[in-house]
């Protein structure tokens, strides 16, 4: 399984109904949905994951679970996205098998090279711009960081962090295979339209 070029991934936020947000994102043309809800119970995550996976099948999109390998496995997700402090890629691969996508969050070429060596399929790179989605101890890395990370890893990059309609084209031009957003869609009064506009800008 591979990451399509010029992909928009919509990540669920901490407030919205994740299933409804996923439905609107898919209707707007998102090619990937990531379920991320740090405070949710395992049962809630599993129930949401099963429903979002069904929606993604309907729209022929990819479904990724953040952090939770167990939920990804139980819900037959297309992949899992791991942070630097999560279960190692090799351990996740042993549980999920060779066909499941495994993404890893990185912010430096050395982290990228390590993730590639361990068998990651793609990289989540950021945060690119200032973002309000969570507290960030480090400053944004900017679009200039994307190319060295690609060169160090040879993996497709999905950029994240402060990406919105006004700067998404800059991110794609810098070499990213796709972008991931949270508030640019979930914080919009019309998530379907917001997704559609982002997809249009990405594909220009």
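Glycine too: its Cβ is placed from the backbone N, Cα and C atoms.
Annotation source Swiss-Prot lists 4-amino-2-methyl-5-(diphosphooxymethyl)pyrimidine binding site at 34, 35, 36, 37, 38, 66, 105, 134. Residues annotated as Mg(2+) binding site in Swiss-Prot, with sequence analysis given as evidence: 67, 86.
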Distance from residue 86 (Mg(2+) binding site) back to residue 66 (4-amino-2-methyl-5-(diphosphooxymethyl)pyrimidine binding site), taken between C-alpha atoms, in Å: 10
Spatial neighbours, same chain, of residue 67 (Mg(2+) binding site) - Cβ under 8 Å, 6+ residues apart: 36, 38, 80, 81, 82, 83, 86
Densest Cβ neighbourhood among 34, 66, 105 (binding-site residues), 10 Å radius: 34
Secondary-structure category, per DSSP, in which residue 105 (4-amino-2-methyl-5-(diphosphooxymethyl)pyrimidine binding site) falls: strand
The one of 36, 37, 38 whose CB sees the fewest other CB atoms within 10 Å, among these binding-site residues: 38
In three-state DSSP terms, the structure that residue 37 (4-amino-2-methyl-5-(diphosphooxymethyl)pyrimidine binding site) belongs to: coil
Neighbouring C-beta atoms (10 Å sphere around the C-beta of residue 86 (Mg(2+) binding site)): 17
Cβ atoms near residue 35 (4-amino-2-methyl-5-(diphosphooxymethyl)pyrimidine binding site) (within 10 Å, other residues, all chains): 28
